[in-house]
Amino acid sequence: MSLPVRSGRKRPVLLAIATTAVTLVALAPPGSAAAAPEQAGIYIVQLAGAPIAGYTGGVAGIAATKPTPGAKIDTKAWNFTAYRDHLRTKRAEALKGAKVDAKKTVATYDTTLNGFAAKITPSEAAKLSRTAGVVKVVKSEVYSTKTISTPAFLGLDGATGTWKKQFGDVSHAGEGTVVGIIDTGIWPENPSFAPLPEPRPDQDVIDAKWQGECQYGDEQPVDCNNKLIGARYFNLGSVDIIDEEFVSPRDFDGHGTHTASTAAGNNDVAAVINGVEVGKASGMAPAARLAAYKICWELPDFSTANCGSAETVAAVEAAVLDGVDVINYSIGGPSGATTDMVSSAFYYAAAAGVFVATSAGNTPGASTVAHVSPWTTTVAASTHDRASSKSVTLGNGATYTGAGIGPAVPSAPLVDAAVAGKAGVDPAEAELCFIDSLDPAKVTGKIVLCRRGVNARTDKSFAVQQAGGVGMVMYNPAPNSLNADFHYVPSVHVNHTDGAAIKAYAATTGATASLAAAVKVTAQAPAMASFSSQGPAVAGGGDLLKPDITAPGVDVIAAVSPAGNLGNNFNALSGTSMSSPHIAGIAALLKSKNPTWSPMAIKSAIMTTAGQVDNTGAPIQRDGAAANPFDFGSGHVRPGSAFDPGIVYDSTPLEWTQYSCSIDEHQYFEDGTDVCGVLPQSDPSDLNYASIAVGDLAGKQTITRTVTNTTNQASVYFPRVEAPAGYTVKVTPSALTVLPRKSASFTVEITRTTAAKGTWAFGSLTWSDLRGHSARSPIAVRGADLAASNQVLLQGASGSLPLSVRSATAGTLTTKAYGLVESTTHTQHMTGPETGFNTGAPAESPGAKKVTVTVPAGSKGARFATFDSDHVKATDVDLFLYKDGALVGTSAGGTSNEGISVTEPGTYDVWVVAFALPPGVPEVDTVLHSFVVPGTSGGSLSVTPTTQSVTPGKAATVTASWSGAVPGKHYVGVVEYAVGTVTDRTVLVINA
């Protein structure tokens, strides 16, 4: 079927994943900021009680619907229908109780989330949030989508590869499994999705599980076959649809097509880019079936696609009911929560036996990793060994080597794009080689020097070609990866130091350059991609190691949509979006071979068999230095080893819930009872995970793990420990006997000796038997003298909460309470947004105002916060905190719920920035709340006991209680702990 290619500029290379966290909407009556008509939006409403995938019984007369291990949800069973009807009744009761018209519902959720999505006003959302049976109401957030040699690099193909060894032949690799891709849709005519040869040996297996459909669509429809067996699309109103988009499962952007073909595209497909065949492409599980779920829609500027969380939840529901075995989700996500709506949907997908792979994010730096829930597998990005070297020689004789593809270019004039822009074009845009920014009179016949950043790399060479240039040198302005992209003119990509030298030379009179022809090389690999997001995870305070694993994510060649890729059916893309489907496909291979394995067993097998060295035997690198588990988790995936891990670390939904409770993220029964109130308390480090992490280790801590034998033979395992520097590690027992298909437990005692406080150290624990199995777990530990929660968020006019604290030394623990303190408000009038706030030189503007607050000596702490409830809907307020002219704190999420806490006295400048105003609202009042907790006790916050003896490393418990708070007000208190001269504190933030 031949389809027209729609117009539209589309970047074909690095796809950046937005990692903006979902922020729960604080739903309270609108404040008195600028009055404006309420605008309806898409809200997700979560009700108390488990959805179908997690229901284990409890409703009179209705048996459990949660599938047994290895089984799918039985949609034909009587209890499925009965419980679904029960949940329908509960939805109706919630809508009726809030007096919200049921016709405003745009989607219902009952399989992986209990609730619905509705197009309602903020006032209606507020009513729903106060209605019995409603757990939370959240505005549908919008995220963004921000493989020629990888099968060989991963050891899948070839006579001795995993496909041959495990499946007999590549044609059977992944049979019996269905991979669901939640993304931008799919281009079904791509040969990567051509029909598989008939008859299919796994057809009975597929028929028994598959209940999906192929939605035809309203325009440019999609036809399915025995490879692409399902396709759906979702648009509930979170994202506007541009005219160029396809209102069907058909992919405009290309991102979803790329991830689908990477995970499970057909084998040995000729890949052609810009008219040149670049090799043969294959997915990781070429015999697996595919189902596409389109939730992301192209933006008007064709820069990326946006994806609503309401649509995501609907797609997860459909995928689980359809019968997928694996979900790939290469979309942005939260970094600081595990119970947001999307994560909750994935929780129940995993509970139903579906493996979920997610991208770690493309924002490097400490604690930037997204998708931090233990029930998903979070994937970082690294390089593979296919590389193409290219050099540029300057007229002064200097030669610089970088990455590039294509023919040589003889000596030609060299011009810096920064001075080659058209009249009236911003020089900054010209320097970046924006399309239509370069002056042909200054560029024709020349090699152009372009700065990397902002626009797509291949857009830069397109701009050079457009202006008559014959070649391009692209340089990094700062340390970053080098990419051999498929450009429109011969191009070389050089690093920041070489780029600076070339730029200096280009400024001289008569500068010339020539480009050598590209040379294929085998690169040292893997190395971590410089863009790959890093741990420690914000959620849990570092007690769960994320990311979990790394896989190829740089210059991955796979199928795309020609509509958004200038007519190309294949392209090279980079990002953790590209690494995640590698793991999804490998998970499908493991599921195909081991159909009874749980998602957590599959994850464990992938993690414990990963590698930590590159193809030269050196430690995996990141930006020239040895990488660590915050970069790659357990290491680089080694698919062949994962098929026989020997032992796995499995876990259950109950354990996941205990983990969420232990990091103060709550779930609720149908009657509104807090699940965390009835479950045994646990330490988050004790979740039965294939890695070990302790975010604050005071003295020593003992961690428990349980392993399960995946073989039919008993085996004795022996531990080998590489202790983190400054710690000792004791494993008990010293020999672990694990019977066939049975489990055994052990403990790991970690003791801090010389490690510095507040710094991370890394090590590992490897269990090996005499049958050739080795299961390695990374260890990440951060030392502390006293370890307690930094901050706890609470609700209610009164209440109490147990707090846990550990000491590195023996002695007497003294505990005191300070506060509660009600906030002081500071109102600022903003006459416009401020999107370009300069943190290096802050200055007042129509959308940025400064508030100065003094925290007196002797104070126990202070907090500065803003709340959604004080602001007009869709206002986005950010906070930047300075002390003595230095930036000491930032809170810049996607709403007006922001907060920064400090412990040191002094004079602070709080910059309140109105980053975004609501549509049609030119002016707003912002309200800053400041809390200064004095150094005198005796307020409405109390703690018991005030003194107790403590043992090194053993948790002590104190109970904080408060009363007398006024509903609707905001308060802060501090609980201070001391053992001798060592102190720590917990800030209690209470929204009454």
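For all residues, glycine too, the Cβ spot is worked out from N, Cα and C.
What TrEMBL says about this one:
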type	residues	note
ACT_SITE	Asp183	active site, charge relay system
ACT_SITE	His255	active site, charge relay system
ACT_SITE	Ser577	active site, charge relay system
DOMAIN	92-145	domain 'Inhibitor I9'
DOMAIN	174-617	domain 'Peptidase S8/S53'
DOMAIN	412-502	domain 'PA'
DOMAIN	686-781	domain 'Subtilisin-like protease fibronectin type-III'
SIGNAL	1-35	signal peptide
When pLDDT is averaged across the domain 'Peptidase S8/S53' (174-617), the result is 94
Around the Cβ of Asp183 (active site, charge relay system), the count of other Cβ atoms that are within 10 Å
30
Just how many other Cβ atoms lie inside 10 Å of the Cβ on Ser577 (active site, charge relay system)?
32
How does the domain 'PA' (412-502) divide up by DSSP, counting helix, then strand, then coil residues?
29 helix, 21 strand, 41 coil
By a three-class reduction of DSSP, Asp183 (active site, charge relay system) is assigned strand
Quick one: pull the CA-CA distance for Ser577 (active site, charge relay system) versus His255 (active site, charge relay system), whole Å only.
8
